[in-house]
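First up is the structure itself, then whatever we jot down about it.
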There are 2 protein chains.
Amino acid sequence: MKSDLEIARAARPRPIHEVAAELGLPEEACEPYGRQVLKIDPAAVELGDRPRGRYVVVTAITPTPLGEGKTATTVGLGQAFGLLGRRAVVTIRQPSMGPTFGIKGGAAGGGYAQVIPMEQLNLHLTGDFHAVTAAHNLLAAMVDNHLHHVARGTVTEPELDPARVDWRRVLDVNDRALRNVVLGLGGRLDGVPRQAGFDITAASELMALLGLATDLADLRARLGRVVVGADRAGHPVTAEDLGAAGAMAVIMREAIKPNLLQTLTGTPALVHAGPFGNIATGNSSVVADKLALRCADFVLTEAGFGADMGAERFFNIKCRVSGEAPDAAVVVATVRGLKYASGRFKVVPGKPLPDDLLTEDPDAVHAGAANLCKQLQIVRRHGVPAVVAINRFPDDHASELAAIAEIAASAGARSAVYSGVADGAEGGVELAEAVIAATEQPAQFRPLYDLAEPLTAKIEAIATEVYGADGVDYSSTAERQLRAYTEQGFGELPICTAKTHLSISSDPALKGAPTGWRLPVREVRLAAGAGFVYPICGEIRTMPGLSARPAATRIDLDADGQVIGLS
Amino acid sequence: MKSDLEIARAARPRPIHEVAAELGLPEEACEPYGRQVLKIDPAAVELGDRPRGRYVVVTAITPTPLGEGKTATTVGLGQAFGLLGRRAVVTIRQPSMGPTFGIKGGAAGGGYAQVIPMEQLNLHLTGDFHAVTAAHNLLAAMVDNHLHHVARGTVTEPELDPARVDWRRVLDVNDRALRNVVLGLGGRLDGVPRQAGFDITAASELMALLGLATDLADLRARLGRVVVGADRAGHPVTAEDLGAAGAMAVIMREAIKPNLLQTLTGTPALVHAGPFGNIATGNSSVVADKLALRCADFVLTEAGFGADMGAERFFNIKCRVSGEAPDAAVVVATVRGLKYASGRFKVVPGKPLPDDLLTEDPDAVHAGAANLCKQLQIVRRHGVPAVVAINRFPDDHASELAAIAEIAASAGARSAVYSGVADGAEGGVELAEAVIAATEQPAQFRPLYDLAEPLTAKIEAIATEVYGADGVDYSSTAERQLRAYTEQGFGELPICTAKTHLSISSDPALKGAPTGWRLPVREVRLAAGAGFVYPICGEIRTMPGLSARPAATRIDLDADGQVIGLS
């Protein structure tokens with residue numbers, strides 16, 4: 001099989017203006033960024049009287065560290081809708097450049113199910129990530145500048161407490177050495193020394209905020225609400241208090257516009273916001289989805305990691321902000337994923353899959369069934385019909401694929417084998433038909449909790465009803481923080497639990513559908529701008545590292561100036 | 001008078017494709033970035049048999065901390081050429097976002113002499129700075145990742161010595177707290193603790209490299225030559241040795257293409273590379289200038305700071321790389337600048353000019369004459385005819401403007417009053433005519449030194465013949481470094497002296513044309529990728545700070561989502 005890059009480069013893209021016109025996007029809403037990408041200004045599109053398409057979220061079983069091919073399934077499903085003559089848009093998140101040069105080497109789907117141009121998608125695209133980085137770090141500079149001028153007596157208000165600053169810096173690079181730093185060293189003009197650190201840009205609160213803002217005015221308002229720390233009395237200090245929010249909005253004013261690309265077969269793809277699903281929502285943007293819903297008959301949107309992660313946030317955070325209810329969910333499952341869920345195999349990120357995992361073994365697939373059933377149950381708990389996408393890999397055996405279909409049937413869900421990576425649009429037709437049928441069932445979307453419930457009740461609802469925990473154990477720090485946030489008026493925010501994506505529980509070693517455990521909440525943090533409270537349950541890496549031989553060492557230009565080594 | 005932003009927004013831009021077509025740039029060389037900016041791929045333009053335009057470098061007297069309006073003069077001169085029916089292109093550097101949110105609030109020229117769209121110019125433009133930031137920091141991450149894996153025994157080659165790493169990180173933000181940091185703190189997976197720091201992106205060697213690369217292949221080769229430190233035997237370790245250069249070139253492959261914008265009156269403006277003139281060349285790019293020279297009759301290119309700084313580097317570094325000889329130089333002088341050069345007034349960055357400097361006082365202008373004469377002499381030393389642009393400000397008095405004309409005449413140079421900021425294209429006509437006349441004189445461009453001369457001889461030529469020093473004093477460190485670079489094969493590189501721009505000497509307190517002093521070289525650094533050696537003479541700030549009330553606090557979106565507060 002050809003490499004992803006070879007396939008992408010051999011594609012004959014449709015003129016992107018033609019793709020936009022087909023969606024009913026007027027010329028004045030479409031700004032070109034290079035020849036094959038348009039930035040779409042939703043404010044320039046009249047949406048009022050257009051019919052609404054059907055809304056399908058693509059989620060998954062608990063993924064292996066290599067992922068379940070969820071992006072490729074979303075993209076390939078969009079291609080199959082096109083083949084069936086249905087007007088579909090896929091809405092996906094922009095890949096992060098850090099991992100592109102780390103392990104992944106790219107994230108535009110795969111094989112014959114890709115979004116193009118893949119080089120632009122995987123590199124800067126239209127600069128939205130750079131805008132998030134710049135706005136985030138301008139705020140950080142203004143925080144430390146404030147501390148500096150307070151220390152020198154040239155500024156007195158709002159007098160942020162240096163010990164209570166919790167706004168870090170961000171860069172879109174895998175740089176382990178920046179996780180923990182001491183800054184402000186040097187002389188008396190070089191700031192106030194303090195401990196700080198960097199996260200990857202995708203983990204920025206501003207990236208989550210970009211994904212949840214409903215328009216430019218809402219983006220501006222949310223930026224003003226971003227809390228960077230507290231004053232000496234413990235009162236929250238915001239970006240607005242520091243006078244930074246306006247400039248941040250100016251830096252991000254183009255980033256709020258989704259990016260229109262296309263799949264290999266010309267299905268429109270709106271690419272927007274970031275992929276970080278651990279401490280953030282990990283969903284494509286509200287702006288992109290709302291736009292897409294008025295431009296096509298089907299919108300296929302990706303939610304990060306398993307249904308316990310991205311889909312739960314999709315249901316309880318994103319859909320609440322957008323006011324759009326989903327009509328169906330696709331749960332991507334793989335043979336390797338269910339074998340991994342059995343707990344019988346060890347998979348290491350950045351290494352090839354172990355041989356024994358690739359040996360025909362339908363029993364091992366059945367041994368992982370509980371994970372798929374639990375993820376389906378999570379979807380159904382929200383009133384949404386589910387279809388299992390059996391994402392076929394070349395090493396899979398028919399008996400193993402059949403095992404997944406049996407598990408799905410036993411759980412009362414439709415299923416279909418998906419082979420779009422190898423077969424392109426044709427490989428997604430069966431799945432597309434199952435999805436269309438699912439959207440014809442009556443969906444009765446209902447969120448898990450009311451926002452008016454106490455923060456603890458909302459956390460407990462997620463822990464018990466979604467994760468299957470027996471209950472929640474709060475540290476004394478977490479209890480104190482929850483009380484403070486409630487007193488400060490943040491009690492009605494939704495919850496975005498920060499936990500591992502490698503288990504439905506908070507312990508990555510527990511496979512399948514763990515029971516008999518309690519969710520430990522070590523601390524609780526506030527993303528007042530993005531608009532959620534996030535309990536920290538376990539160690540969450542917010543800045544990846546590089547291996548001894550990162551993908552960057554294999555990425556280069558050839559003699560013709562073409563990119564090589566992206567995949 | 002209206003604000004810069006109001007004037008810029010009221011302009012009726014020409015369709016940018018029309019501007020490109022007039023330059024003879026074929027459609028396939030022009031990629032749109034938004035509606036009013038094109039990225040131009042020089043590789044897609046046949047330049048071979050086109051006639052070459054005349055090449056004019058715009059430089060200045062020693063500037064006040066507020067600048068001499070050099071960009072506005074370059075831009076307004078281009079507008080005046082248009083009014084005279086002459087085909088001109090202005091080639092300027094992209095503004096840095098850090099200072100935009102710090103003191104400046106924007107840098108697109110000023111008043112009726114601006115490049116538009118000014119919001120895009122001052123913010124992300126087409127992402128070239130972001131690409132430099134990303135490539136620079138990927139290399140930094142790979143440096144620290146190398147140290148980490150060497151320490152853990154997972155990598156053995158090339159075994160960079162942690163104590164000899166001198167590759168810092170960069171961000172395009174004024175962030176004093178990042179000047180000096182300790183990174184690699186945390187646990188054993190979080191890198192190796194060491195001292196490090198951040199510069200502003202414009203100060204990155206990669207920005208200088210971008211300005212000097214002749215094409216994409218040369219960019220790739222130069223990236224490979226970037227030295228990040230040394231191994232334990234003292235041998236240089238490069239980006240190529242770490243396997244990073246290919247990925248860096250992939251990140252920067254769009255950044256090598258200059259950006260086509262236009263002035264308020266529709267003169268083409270190629271905007272490319274960065275403005276940092278202290279430790280770098282501070283010139284617009286070789287790629288942009290070479291392209292422009294084959295597309296127009298006149299190319300007006302800006303060189304940063306006074307003629308001792310930007311123009312000297314233009315002559316001895318940039319023109320040597322490009323092989324293009326200048327036909328004339330414009331030396332921008334202001335009443336305020338010459339009064340400041342008299343040493344009688346105190347000007348503080350970020351504060352309004354003192355009242356006494358604005359009082360009519362032609363004597364004070366004459367008292368600063370030596371500076372203008374010395375800068376003119378520097379230009380002539382390189383065989384290039386000079387024209388003095390008397391950049392008029394609203395507070396200037398006729399007697400003071402006349403004083404500058406007298407000084408220019410006494411030095412044998414043409415001069416003309418320039419008032420393009422207030423008067424637009426008309427305000428530059430007299431200057432444009434003087435420039436045209438100057439380019440009709442025979443220029444006999446000759447660089448100051450041969451590359452084959454020893455590094456010390458080249459440094460001494462600049463110190464004595466350009467700066468007017470009596471000689472050079474090297475620290476023992478500098479002597480050792482010069483020996484080492486020569487032994488390592490870097491002896492034939494040109495010199496880019498890092499010194500203050502606020503004096504022709506290395507001491508910012510010495511005004512006018514200081515004599516009777518010696519240039520102290522504290523240390524010498526190598527920019528092997530950009531292709532120069534830079535002696536450090538004095539304290540050079542490579543990361544600005546923010547004031548107690550930075551420009552960012554005044555920049556915002558209005559109710560219609562339009563930017564306010566840029567200037």
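Note: Cβ is positioned from N, Cα and C throughout, glycine not excepted.
Going by TrEMBL, these are the annotated features:
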BINDING   A:Thr64, A:Pro65, A:Leu66, A:Gly67, A:Glu68, A:Gly69, A:Lys70, A:Thr71  ATP binding site
- 8 Å Cβ shell about A:Thr64, A:Pro65, A:Leu66, A:Gly67, A:Glu68, A:Gly69, A:Lys70, A:Thr71 centroid, ATP site members excluded: A:Ala60, A:Pro63, A:Thr334, A:Gly337
- Of A:Thr64, A:Thr71 (the binding-site residues), the residue whose Cβ has the fewest other Cβ atoms within 10 Å: A:Thr64
- Message: At a 10 Å cut-off from the C-beta of A:Gly69 (ATP binding site), count the other C-beta atoms across all protein chains.
- Response: 27
- Query: Around A:Lys70 (ATP binding site), how many other CB atoms lie within 10 A of its CB?
  - Reply: 27
- Message: I'd like to know which of these binding-site residues, A:Pro65, A:Leu66, A:Gly67, A:Glu68, is least surrounded, judged by other CB atoms within 10 A.
- Response: A:Pro65
